[in-house]
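Report on one structure; see the data block that follows.
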Amino acid sequence: MAENIGTVIQVSGPAVDVQFPEATMPGIYQALRVVSDGFDVPTPINVILEVQQHLGEGRVRCVAMEATDGMVRGMKAIDLGGPISVPVGRETLGRVLNVIGEPVDNMGPVQAKVHMPIHRQAPAFDEQATGEEMFETGVKVIDLIQPFLKGGKIGLFGGAGVGKTVVIQELINNVASKHGGFSVFAGVGERTREGNDLWLEFQEAGVIDIHDFSKSKAALIYGQMTEPPGARLRVALTGLTVAEYFRDQEGADTLLFIDNIFRFTQAGSEVSTLLGRMPSAVGYQPNLATEMGELQERITSTKKGSVTSVQAVYVPADDMTDPAPATTFAHLDATTVLSRPLSELGIYPAVDPLASTSRILTPAVVGQEHYDVAQGVKRILQRYKDLQDIIAILGIDELSEEDRLTVSRARKVQKFLSQPFHVAEQFTGIPGRYCKIADTVRSFKEVIEGKHDSVPEQAFYMKGTIEEVLEEAEKMQAAK
């Protein structure tokens, strides 16, 4: 079949208009390649575009997946005959790829046997799996208060600088290194430095082996802050396509980490404006819910294999009612909300146990004891929150004996919900802790039952199990 070739007629930043013969206009989401053959340019142009709009009379408006520096009118645009296709399969493990599936790790080409388009249908309703099984993360506050669902979708919500990426990196460290299946990390519009750190940490942890990729268990797909909006909008789909292949063809339990889903929405807003759409609430794109739904509906577990996804969600100006985080909420099985007031108290991870939720925190899934302890912890923390105004105005001495005891236990619980992380060890100097769920439930049960009312609250800070707390209390006693 003869090549379908068009001509670039307008370049305005990442938006490019291309003229084709009307009979051979490429379809929406088709990929085009612009080349600088015959043009005298300092660096050769070889840029992938994605068709977004048909303007009529053979003209299509496209969004570039790479910078359009040096592109001029008159350049050739070759229709690639289908959507952007990326390499998938075991050959992607250990590699760092960009939105169009090209390696960016200077380790040579990806020798993949299979390529798949990034635009695909979500699995049919009757193919989806509906099991309910808890997924242990080793992070106390998560396992106790908002347990993660195996094969579910989890959101980490937080404003700027409260620790979303650190929590995601700890989950990767705890889960990817102990987990038997494959992991895919999609870096969507986040810092390049964090992407580099993660790649190096994966090598140290043995999750990636750059000397023998066949021993690696993770693939990294990056579209960082420096990329044009087209790349940031589509890189989540590229990562998801790699994860879908492991789920459907390998039947593997796959982990998909996305940092940050808000940048996906932000890039969509930029693209929407470039395409001339009328903005909707707070300046977001009018198709925000549709775009989010198309991505989220594909992140699911089927009868062949599971995809458990953990998504960081930036909350602009700490406003949970902002359309971007509010639209994401609807798709999740568990939400972990990171709180600025807690991070200011030095409690890390700064998870707000009262604002975080999980669909599987029920006796039927986690067991009666776990459920009762989690509700007991929430009850004590809620009562403490209710009493804070009285304490601020009148002082703690004006409380009843019972309320003073509740406040004392709540402060211990709050401190005990902190935990040293492996990935933060180099900053804190405290070795990381992985806490088994049985130890976590037992430890908190003892605290809320009042077995450790005599232990000073400072002993509970940054500890793993109750045994470590008692050991610290003995040291404090001996030092007096």
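Glycine is treated like the rest: Cβ placed from N, Cα and C.
The ATP binding site annotation in Swiss-Prot covers Gly158, Gly159, Ala160, Gly161, Val162, Gly163, Lys164, Thr165 and is backed by sequence analysis. In the three-state DSSP scheme, Val162 (ATP binding site) falls into the coil class.
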In the chain carrying Gly158 (ATP binding site), residues 6 or more apart in sequence that have Cβ under 8 angstroms from it: Lys164, Ala312, Val313, Tyr314, Val315, Val337, Leu338, Ser339, Arg340, Ala350
Protein Cβ atoms within 10 Å of Thr165 (ATP binding site), excluding its own: 20
Lowest local Cβ density among Gly161, Gly163, which the record lists as binding-site residues, within 10 Å: Gly161
